[in-house]
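Asker: Dropping the structure in here first, questions after.
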Amino acid sequence: MIIELAKNYGFCFGVKRAIKKAEQIKDAATIGPLIHNNEEISRLQKNFNVKTLENIQALSNEKKAIIRTHGITKQDLEELRKKDIEIFDATCPFVTKPQQICEQMSKEGYEVVIFGDENHPEVKGVKSYVSTKAYVVLDKKELQNIKLPNKIAVVSQTTKKPEHFMEIVNFLILKTKEVRVFNTICDATFKNQDAIKELSLKSDVMVVVGGKNSANTKQLFLIAKTNCEDSYLIETEEELKKEWFLDKKHCGISAGASTPDWIIQKVIAKIENFRIN
């Protein structure tokens, strides 16, 4: 059986930057998980004493706080700055961009449509920078019964599929007089999604490695599953089952943006140890 890695996979720029920052700072607390990968979070806690707090209210005697890659709300940032604590911002620049856009567009009188999951920390943070009105949607149908203003700005959660974002944009263009469209989908998302699409079309089994609470990993899995029925989403090599690979000829592997290479290599090694001819 051939084992092939996607052309683009794993750690993105923002995650690499955050991990490096956490390793250098040490002995700190993150507000929410730094990234959506439980194994890497555990490694940072064990080796660098970087612990994860649920929210700002959980801070007690910590001297250093790291803002997660997904960012935090504007209100939480203001609250954090009032505390006697050193702040290190690990928000991904691709996430900071829609925050800034929302703030500026609001000042110019635009209401904002955010394409994304309203429960995702990134989207909560982005929405908090809107001072007019924000509409968080996952489908154009959610906009059909809303009385839209004449001026709308549109941004996307960084990990969404571009074609779905365009469905929202095309709907709005027909419904309102002025639409400002900002492509806030991350470059790494484009590349990883294109790569897994290509690989899954020629594979008869696919393994996607990453946190099951990771939005970008779940998107990769959905793309793989669309093209390859026998697709599996795992967090560690312990979840692999030999029967997945029996009678298979081509195994494709991809990984979410928060998945470190050391986990991916363990997955590959275990599949190789199954010795599937």
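Glycine residues also receive a Cβ, built from the backbone N, Cα and C atoms like all the rest.
Fair warning: this is a prediction, and the values are worked out from it, not measured in the lab.
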Asker: Given that Swiss-Prot lists His36, His120, Ser214, Asn216, Ser258 as binding dimethylallyl diphosphate, which residue among His70, His164 does it place in the same site?
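Answerer: According to Swiss-Prot, the candidate sharing the dimethylallyl diphosphate site with His36, His120, Ser214, Asn216, Ser258 is His70.
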Asker: Swiss-Prot has Cys12, Cys92 down as binding [4Fe-4S] cluster; which of Cys186, Cys228 does it also list for that site?
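Answerer: [4Fe-4S] cluster site check in Swiss-Prot: besides Cys12, Cys92, the record includes Cys186 out of Cys186, Cys228.
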Asker: Near the Cβ of Ser258 (dimethylallyl diphosphate binding site), how many other Cβ atoms are there if near means within 10 Å?
Answerer: 30
Asker: May I have the list of same-chain residues other than His36, His70, His120, Thr158, Ser214, Asn216, Ser258 whose Cβ is within 8 Å of the Cβ centroid of the recorded (2E)-4-hydroxy-3-methylbut-2-enyl diphosphate site, in sequence order?
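Answerer: Here the non-site neighbours turn out to be Ile35, Thr69, Glu122, Thr159, Gly211, Ala215, Thr217, Gly256, Ala257.
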Asker: Beyond Cys12, Cys92, Cys186, what residues of that chain have CB atoms within 8 A of the centre of the [4Fe-4S] cluster site's CB atoms?
Answerer: Phe13, Gly14, Val15, Thr69, Pro93, Phe94, Val95, Thr158, Asp187, Ala188, Thr189, Ala257
Asker: Provide the number of Cβ atoms within 10 Å of the Cβ of Asn216 (dimethylallyl diphosphate binding site), excluding the reference atom itself.
Answerer: 25
Asker: What subset of the binding-site residues His120, Thr158, Ser258 lies within 10 angstroms of Cys186 ([4Fe-4S] cluster binding site), using C-alpha positions?
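Answerer: Passing the 10 Å Cα cut: Thr158.
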